[in-house]
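K.L.:
What Swiss-Prot records for this protein is below:
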- 12, 62, 438, 439: Mn(2+) 2 binding site (BINDING)
- 62: active site, phosphoserine intermediate (ACT_SITE)
- 123, 153, 154, 185, 191, 257, 258, 259, 260, 330: substrate binding site (BINDING)
- 397, 401, 456: Mn(2+) 1 binding site (BINDING)
């Protein structure tokens, strides 16, 4: 007899917002979502700030969202941990950071700092760079070179000059530090093995072959004149006495989110790197704020805090089968992040990875691989052996990042079509679905004056539970979704999962 599956369906980057202006969620024709919304119990929950372990007012993101969802509790994020360590002064006593700087002093070499230069708070925060500069000053380091990656995605598209000016003011205040290279994140922070992009950033960082400008500001302004926004600034070298990353130097990469920092780190700190021909740096001390992946030989500044009793582990302990399914862009989120930072499958878990389309930007193909994800899931459901499904549709977020309204509307409409087939199939099997999101984005893709808005939002996300006859609590947070799943599965909630089921009892 076929099992009755319970599914968590995450519409990535899909939140509630009253105004229709620039709101693809409201403007899209989504008959299936609306049908479930009108028929079944609904509520909305918080997906940003303190509710997900981020600083107050900080927008959520997919990594944080899936970590909180899977853990069933508030998970204090790297950003919050690092901020706290700087405030407490522990940061300046950190062994790894002090060893990194001791390496510079003992080799009479240079300190290179890599990172995304913005206050977006998704991958990094430039105030962490300032703390590193203060530490270097205290320890008497003379040669400090900043390799800045420009954002324009988690912050305004053309905001780089503000961060550059503030950083240069910090250089002047401390009497150390200068920009050595500048790259748009499109090049320096790829995550899809597009090595031809990373190679451009690498060449600028190593001071090999890249355009050169007298100042960081001059290079960015020249890029603006060519019609480029921050994200797409072609890597360039800033003229100074720096001759790139050399033998005996130290690199500290201050991005705390791994997925877009891993590839560049592999080029420098993975001896087996094969993406393109590189000249290895000898005796390089390479430190990263968090662990990016197992291939990178790096000292870790902030070690991971282990999370036990995530939704996947509880399913395993109760002999339940589970499926994790998404396309490439969100596959790490339904696996690694949903499992609290664990790569290995649980017993009874299987995974389906559907390739994301190879296009320059997803507004060119708003449906992405949603139909293929849907087909793969229907195939899995037909096996009749699943207890728990965790599914992510990437489109509202990935297309929302383009800041283009029409493609984002199309993205949501494609997802809605797939949602209808999937949920109806689950209902036919006497199963349940929770339809929700991990953070906002597509709910606002234009600013009030019609400029593209490519960032996430702090708006609450909807929750639909396809079980008639129950009432949902009026508010909650992402950490309440796993307890709600356990409630539907009739599985006891362990003590360290401190969220509460959204179903009133």
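A Cβ is built for glycine as well, from the same backbone N, Cα and C atoms used for every other residue.
Because the structure is a prediction, the values reported are computed rather than measured.
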K.L.:
Within 10 Å of each Cβ, count the other Cβ atoms and name the one among the binding-site residues 191, 260, 439 with the highest count.
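P.N.:
When each Cβ's neighbours within 10 Å are tallied, 439 tops the list.
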K.L.:
Of all the binding-site residues given, namely 123, 258, 260, 397, 401, which is spatially nearest to residue 438 (Mn(2+) 2 binding site) at the Cα level?
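P.N.:
Closest recorded candidate to residue 438 (Mn(2+) 2 binding site) by Cα: 397.
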K.L.:
Taking Cα-Cα distance, which of the binding-site residues 123, 191, 258, 260, 397, 401 are within 10 Å of residue 12 (Mn(2+) 2 binding site)?
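P.N.:
Those close enough are 397.
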K.L.:
Based on Cα distances to residue 456 (Mn(2+) 1 binding site), point out the closest of the binding-site residues 123, 191, 258.
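P.N.:
Ranked by Cα distance from residue 456 (Mn(2+) 1 binding site), first place goes to 123.
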K.L.:
Cα within 10 Å of residue 401 (Mn(2+) 1 binding site): which of the binding-site residues 62, 123, 191 qualify?
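P.N.:
For residue 401 (Mn(2+) 1 binding site), the binding-site residues whose Cα atoms are within 10 Å come to none.
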K.L.:
Quiz question: given the binding-site residues 123, 401, 456, which has the greatest number of C-beta atoms lying within 10 angstroms of its own C-beta?
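P.N.:
The residue with the densest Cβ neighbourhood is 456.
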K.L.:
For residue 62 (Mn(2+) 2 binding site), what is the secondary structure by DSSP, using just helix, strand and coil?
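P.N.:
In the DSSP reduction, residue 62 (Mn(2+) 2 binding site) maps to helix.
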K.L.:
Report, in whole Å, the straight Cα-to-Cα distance of residue 191 (substrate binding site) from residue 439 (Mn(2+) 2 binding site).
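P.N.:
Checking the Cα atoms of residue 439 (Mn(2+) 2 binding site) and residue 191 (substrate binding site) gives a distance of 21 Å.
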